[in-house]
Every structure is written in structure tokens, then in C-alpha cells.
Amino acid sequence: MVSIITFTKNVLVTLAFALLAQGLAIPEDIDKRAEKVVSLDFTVTRKPFNATAHGQHHQSQQQQQQQQQQPAQKRGTVQTSLINEGPSYAATITVGSNKQQQTVIVDTGSSDLWVVDSAAVCQVTYPGQSPTFCKQDGTYKPSSSTTSQNLGKAFSIRYEDGSSSQGTVYKDTIGLGGASITNQQFADVTTTSVDQGILGIGFTGDESSPTYDNVPVTLKKQGIINKNAYSLYLNSASASSGTIIFGGVDNAKYTGSLTALPITSSNELRVQLSTINIAGTTVSASTTPVLDSGTTLTYFSQTIADKLAAAVGAKWNSYYQLYTSSCNLAGNIVFNFAKGVTISVPLSEFVLQDGNSCYFGVSRDSATILGDNFLRRAYAVYDLDGNTISLAQVKYTTSSSISTL
């Protein structure tokens with residue numbers, strides 16, 4: 001379900017005068033309501049974790065990378081949500097004059113929007129994968145849209161996990177959250193090894209082609225939101241939906257106060273992490289992870305990951321490319337950032353179960369990433385105009401108090 005919440009100052013003023021004329025009280029929060037925000041609900045997809053598929057996938061991708069000479073064009077998110085590793089967070093958008101529906105992963109770790117063409121070839125990457133796996137969440141047929149514009153430019157993106165997509169650059173009308181943006185540039189992908197389309201909402205400097213206005217920038221430029229900023233609420237691990245609010249923040253969804261941390265990269269949504277407390281141990285983790293909604297697990301360098309795993313008695317399994325662990329991890333893992341910001345996550349969030357075996361939700365990678373198992377316990381406000389990410393401990397509630405950024 002998607003919704004747009006749009007209140008203008010003129011409407012609020014008119015309503016206030018109307019209430020006064022009738023001798024009625026003006027609600028205290030009338031001037032605090034969101035003026036221009038787009039609220040887009042996530043659909044949470046749960047797929048059973050499969051350690052064998054994880055291991056086969058990563059071995060296959062490592063072989064592909066050794067064979068390919070072309071460097072990855074982007075920061076590598078090991079897109080674990082794309083290989084059956086638990087909940088993934090996607091939203092429904094429409095493309096074209098005839099509103100062709102797509103369900104796309106909402107990804108703060110990349111910047112391009114791409115959708116799957118109706119005639120696309122899905123590249124199978126592990127045994128048992130359906131040959132039509134990439135088309136199951138909607139496709140796009142440019143010729144059926146009267147507003148479609150083929151820009152005649154090739155699109156190619158390869159992630160550092162080896163997954164890739166190729167196609168052609170288009171412009172068309174995009175609908176999301178009840179809002180509509182025109183002449184939006186995106187890619188129509190005709191070959192892909194990724195499960196479904198991706199709505200990348202990071203910095204334009206992280207785009208795979210020469211810089212262009214991606215979706216958040218266009219929302220601002222076309223006057224739908226005031227600022228290139230959005231807030232992220234993934235909700236609990238058992239919830240069926242979460243929400244991203246473009247141009248706004250839901251003040252009911254966190255405890256304490258939001259603290260703004262400087263973004264440390266010009267292209268990626270990174271902040272400074274200091275230490276991690278786990279099982280009575282303090283692990284030095286002076287690094288700058290990407291806060292990435294498009295990645296299910298959390299990734300650190302081998303040095304840091306090994307220390308975290310050792311603290312909970314987890315052992316590295318080279319075949320599965322994961323740490324085997326107890327199925328009953330207790331206590332919390334606490335992430336300590338700059339400015340005294342702390343986010344506490346139950347260790348149960350970091351348990352992946354495959355049958356009778358369990359695995360630790362932290363793994364090794366050259367790219368440092370705090371994925372969904374972290375973000376579910378944080379309320380995050382990404383301000384790309386102000387170059388900050390504000391964090392607070394999440395509060396799970398159906399209440400809402402939205403204000404404009």
C-alpha cells in the first residue's frame with residue numbers, strides 16, 4: 001500500500017480560518033503537519049535462508065570476478081537480499097503512461113533506478129533458480145507507454161558480488177506513493193542476474209553512468225518535496241511492512257532524539273563508527289560503513305568480523321562464506337558512533353537459521369556495510385542536501401507524527 005501525504009500552507013491557513021469562523025478549536029498540531037512529503041510503504045518479502053545457496057552463489061560470483069577484467073563500477077553491496085537470505089524491502093512503483101507496475105528493492109546503497117524489460121533474459125546463477133526469476137515482480141514494455149523516450153544509451157552495472165544488469169537508458173513517467181514525476185531517467189534492463197528491479201536513492205555521484213537527476217532529486221526539482229532527504233523505518237523483523245518518507249520524518253517512530261552524523265563520503269551514505277560492544281567485549285571498529293537498506297546482512301573487514309564472531313563463539317565456514325553460530329544468541333550488540341550515538345540491536349536479529357543449523361548475521365567483506373539486521377533497530381534520516389544521516393533508537397508503533405524536512 002502506498003500513500004502520499006500532501007498539505008500546503010495555504011490549505012492549512014484556510015482550514016484554520018474556517019474553524020475559527022465556526023467557533024471551533026484549531027487542533028494544536030495543525031501547523032506541524034507534513035506540508036510536502038511522499039510516504040511509500042515497503043512490502044516485506046521473506047524467503048527461507050539457504051546457506052548452501054549462499055555458498056554456491058558467492059563461489060560462482062568469485063569465479064566470475066576472476067574471469068572479468070572490467071572493474072566493478074559501483075561500491076559493492078553484497079546484495080544478500082537478492083539471493084534468498086531473509087527479508088527484503090521493496091516498494092511498488094509504476095512506469096509509463098499506462099502505469100506498468102513494478103516492485104523494486106529500495107536501496108540506499110546505490111543510486112540508479114532500473115526496471116526489468118518484459119523480454120529480459122534472467123541469468124541463472126545457482127542451481128534450482130527459475131529461468132524467469134527476474135520477471136516475477138513486474139516488467140516494463142516501453143512500446144506500450146506513450147511517454148516513453150529511448151535515449152539510445154547503453155546501461156551496464158556490476159556489483160562487487162558479481163551480479164549485474166545490462167540494458168538501455170530511458171525516460172518516462174514514474175509513479176510512487178501517489179506522486180508522479182515526469183521525464184525521469186532510468187534503465188530498462190534486458191539482461192540481469194538480479195532478482196528484481198532496484199530503486200537506488202543514494203548520491204548521484206554513485207550512479208553507473210554520467211551524473212543525472214535520480215528519483216529523490218527529481219522529487220525535489222518538480223516541487224513534490226522540499227528537500228532531497230528521506231527517513232527510513234524498516235519496522236520489526238516480524239512486520240509485514242515498513243515505510244520510507246521522502247521529504248519528511250515520522251517523529252513517533254523513534255525514542256530519544258535524532259542526532260545528525262556527518263556523511264563521510266561524497267558518493268556513498270557512510271558515517272563514522274567507533275566501537276562495538278558484544279558479549280562483554282568491546283571491539284574497536286573505527287570505520288565508515290554504508291547504511292544500506294539493499295543489503296540483508298552486515299559486513300566488516302575480516303579482522304573486525306572475526307572478533308565479533310569470536311565474542312559469540314561463532315566459527316568461520318569457508319564453503320558457506322558465513323560464521324556458524326548458536327541458534328540462541330542472547331543479549332545485545334551495541335554500535336557506538338560519533339557524537340555519542342548508540343544503537344542497540346538484540347543478537348537474535350543476527351541469527352540466520354537453515355534447518356537445524358544457524359549462522360551469524362555478520363560476514364567478511366572488503367566493503368563495510370550495516371545492512372537490514374542493523375537498520376531494523378534504528379530510525380534513520382538521510383539528508384543528502386545537508387550531508388548528514390541522523391540516527392535514533394527505533395520505536396515500533398502504529399502511531400504517526402509526520403513533519404516536513
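Using N, Cα and C of the backbone, Cβ positions are placed for all residues, glycine too.
As recorded in Swiss-Prot, the features of this protein are as follows:
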type	residues	note
SIGNAL	1-25	signal peptide
REGION	52-78	region 'Disordered'
COMPBIAS	58-70	compositional bias 'Low complexity'
DOMAIN	89-392	domain 'Peptidase A1'
BINDING	Asp107, Thr108, Gly109, Asp292, Ser293, Gly294, Thr295, Thr296	pepstatin A binding site
ACT_SITE	Asp107	active site
DISULFID	Cys122-Cys134	disulfide bond
ACT_SITE	Asp292	active site
DISULFID	Cys327-Cys358	disulfide bond
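Long-range Cβ contacts of Ser293 (pepstatin A binding site) within its own chain (separation 6+, distance under 8 Å): Tyr89, Val106, Asp107, Thr108, Gly109, Leu232, Leu234, Gly371, Asp372, Leu375.
The local packing around Thr296 (pepstatin A binding site), expressed as other Cβ atoms within 10 Å of its Cβ over all shown chains, amounts to 26. When the disulfide-bonded residues Cys122, Cys134, Cys327, Cys358 are ranked by how far their Cα is from the Cα of Thr296 (pepstatin A binding site), Cys358 comes first.
When the record's pepstatin A-binding residues Asp107, Thr108, Gly109, Asp292, Ser293, Gly294, Thr295, Thr296 are compared pairwise by CA position, the greatest distance found is 12 Å.
Within 10 Å of Gly294 (pepstatin A binding site), counting CA to CA, the disulfide-bonded residues Cys122, Cys134, Cys327, Cys358 contribute nothing. For the binding-site residues given as Asp107, Asp292, the lowest number of other CB atoms within 10 Å of the residue's CB is seen at Asp107.
Contacts of Cys122 (disulfide bond) defined by a Cβ separation under 8 A and a same-chain sequence distance of 6+ are given as Ser130, Pro131, Thr132, Phe133, Cys134, Lys135, Thr192, Ser193, in order along the sequence.
Cα of Asp292 (pepstatin A binding site) to Cα of Cys358 (disulfide bond): a span of 23 Å.
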